[in-house]
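**Student:** Copying in the features that TrEMBL gives for the protein in this structure:
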type	residues	note
REGION	1-20	region 'Disordered'
COMPBIAS	9-20	compositional bias 'Polar residues'
DOMAIN	53-323	domain 'Anoctamin dimerisation'
DOMAIN	326-899	domain 'Anoctamin transmembrane'
TRANSMEM	334-361	transmembrane segment
TRANSMEM	414-430	transmembrane segment
TRANSMEM	495-517	transmembrane segment
TRANSMEM	537-561	transmembrane segment
TRANSMEM	581-602	transmembrane segment
TRANSMEM	706-729	transmembrane segment
TRANSMEM	763-781	transmembrane segment
COMPBIAS	919-932	compositional bias 'Basic and acidic residues'
REGION	919-946	region 'Disordered'
COMPBIAS	933-946	compositional bias 'Polar residues'
């Protein structure tokens, strides 16, 4: 192994103040440090002052680890002593790994710690000493891996020490080869356009949309591309290494360092990687640095500032996203999310237009709708049966005029067309995304990328270690793996808890049902006539708001429960952990969001019974039924309030408000110190500023809210055609909100490679398939589309809708009411009632089979079931045709991929030919020298003989 690199001048700051060197030595080294800073260029001094580089101004800070330190008291003298004093660990680091290992053995033996079994037999004076020892062991391993470290403990952040990490060139090359990173070679080729009509039209459209593109400088023209190849140190001459500082950008450097941190093992107690050390509190945080400031007065331009101006800004909401720059700064995984979100938002534009047209069609035809006209006719004197027992009385059907007219806005023949359109839209969206994803894979040199096997998680290896100790009882047990029997208790807990949480959701739905029933009865008992006249609207609206509040609360609970259950399973890798967490979270949040809507769509009003034989929740409250206009209007109200509430409150208000609130708390805490917040912010280094930002928690919350929104847009779109429009308006804000959060509010995430969106694509496909089935049932059973069609083409004498209202109402003799359920006010309408009507297909009381289901009911039911089967199969067949017609890989991309393979073969052939020529030239030169030397020797021999 190569010799460990020298540390920075301020590496060690953990020595007590009584061990400071003499003052004259401090002054000498302090002035030497000033001399070093003066010898730097102005740009290097700026970088050094901003905290982006080591103290020498040459080595870039690729990663930062923070840890807790006890802050010593003192002013400038303590600052200088902390910068210059070295403890035993530092001296060992400077001497090399051998001395450091000796020091570790001495410390472990003196402290009574078994290095191989760090948690057994430890006699540390305090927990902080134990963490310090673990840090020293871990940092020694990092130095052995070739990383260069520099510590800074005398900072303006109280009680926090910073370990700055730099990866030298040799380490970067080694890790890039191990990680199989594709890097651009010297070979540059032109991406030729096919010249077809499609390409010309595309070029024309691109010119027209030029103002919508962000003002991001391109290093090379779009039709010029570098040929990329997996990096190899043996073939370094293939790559352009003229500027080694920019060959690996900051995103790649930080990802390389993070990979080393993940797999570096601390010998203290079998901790594996930085994840375990963060979990045990040895380190407080780990993060790469942002490139610089985003303030307008910042003189130096950087990618972060450019992203803030052209992406994370509400004033550029109409522009496309600079996905290439997002990928360069944050990595492929985050860039794929924003590319997917951008495409999803674009695809919502045609869906929104069609939805608005469908809604306007309903508005335009509401006055011509014959069933609504019959209900609203002033001479209509149809007497309806009471909606509840005793306190509710008989009522006129004409009072439901407003509900009937409003229902037509969402329940008209155009909604059937819109449901088919949205099913095909979902298929088009999925296919378009696959093509877009393939194009991005080509542009980002990920066409041959395969997900490598992740390192085992620290928690998994800890569980394996505990199992090995229990089984073998040895100091060095044989490492095994967790079997199905080991995980069986966790699996059983997962199943039980998932069922319990779903049961909680159903219980809340039932609670809201009970609220509606009891509140309706209570309002009907009110003496205020205005209150009694608005009972339906009051109950529906308040129940929907209560449902929304419960959904928002349970969402947070279910997120925590899903993470706890996933931790119990102890998945082996991070990828497995993420997929299991996503699946559990999606199931719980999906059920939570859509259970009230599913109840209203498919169950409400189906099991109420009939007058004289109602079904009761308890002894006094009967099951709720739909208004005459049907449950579709109530479904629309519930869906709109839930969707808009989740988007405005959970997705936007929480994302804006919570970071602002945390920033306010930090500001209040900082004001308690001696230094004002404004002055402190001016003096903070980059690694100190980033420490106060929120840590990146993954993309799962971002994807989850969009998948739930996708469900609102597709699953019940037949009842709410304006859902795509509200989703579009939300996403326009959501893109810039997420962008601003990533650029300004969060620590910079580690750039992760990915060629697709992972399990989210399968969830999207599943939601799209389920949407077809649900919309078929909504049109068939929730709306009146099928009863209207059956009446018009089978029972209507004129082939029109005249008489449809009377056809759907059955008769009931009020003398057949159950005892105690008849209205208390029999003369509410001013006259005694003998026959009332209710919405159902049943035989009249004067028939041979009174109140039995009529043949019209069975006819309508048969047509409804037939429609579900036909609709589902036709739409899915059309979706499969769309899937078949649209290729997953664009033709031009497949041609370019094939061309790159040929160019790569030519490049290697030229390389081999060059090697052969060099070898031949060397051989020919050597033979010529031998011949010349031989002729000289022969001449000398001849002269001697003569």
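Note: Cβ is positioned from N, Cα and C throughout, glycine not excepted.
Set these features in their place in the structure for me.
**Tutor:** Tertiary neighbourhood of the transmembrane segment (537-561): same-chain residues 497, 501, 504-505, 508-509, 512, 515-516, 519-520, 523, 531, 585, 588-589, 592-593, 596, 634, 637-638, 641-642, 645-646, 649-650, 701, selected by CB-CB distance under 8 Å and a gap of 6+ residues from either end.
Sequence-remote contacts of a segment are chain residues at least 6 beyond its ends whose Cβ falls under 8 Å from one of its Cβ atoms, and for the transmembrane segment (581-602) they are 494, 498, 501-502, 505-506, 509, 512-513, 547, 551, 554-555, 558-559, 561-563, 565-566, 631, 634-635, 638-639, 642, 646, 700, 703-704, 707-708, 711, 715-716, 719, 759-760, 763, 774, 777-778, 781-782.
Counting residues 6+ beyond its ends, the transmembrane segment (763-781) has Cβ neighbours under 8 Å at 415-416, 419, 422-423, 426-427, 430, 582, 586, 601-602, 632, 635, 707, 710-711, 714-719, 864-865, 867-868, 871-872, 875-876, 879 in the same chain.
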**Student:** State the residues, same chain only, that lie 6 or more residues beyond the ends of the transmembrane segment (414-430) and have a CB under 8 A from a CB inside it; answer 'none' if no residue qualifies.
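**Tutor:** Answer is 343-344, 347, 350-351, 354-355, 357-358, 361-362, 713-714, 717-719, 721, 724, 761, 764-765, 768, 771-772, 775-776, 778-779, 783, 785, 871, 875-876, 878-879, 882-883, 886.
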**Student:** Taking only the residues in the domain 'Anoctamin dimerisation' (53-323), give me the average pLDDT of this model.
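**Tutor:** Mean per-residue confidence for the domain 'Anoctamin dimerisation' (53-323): 73 out of 100.
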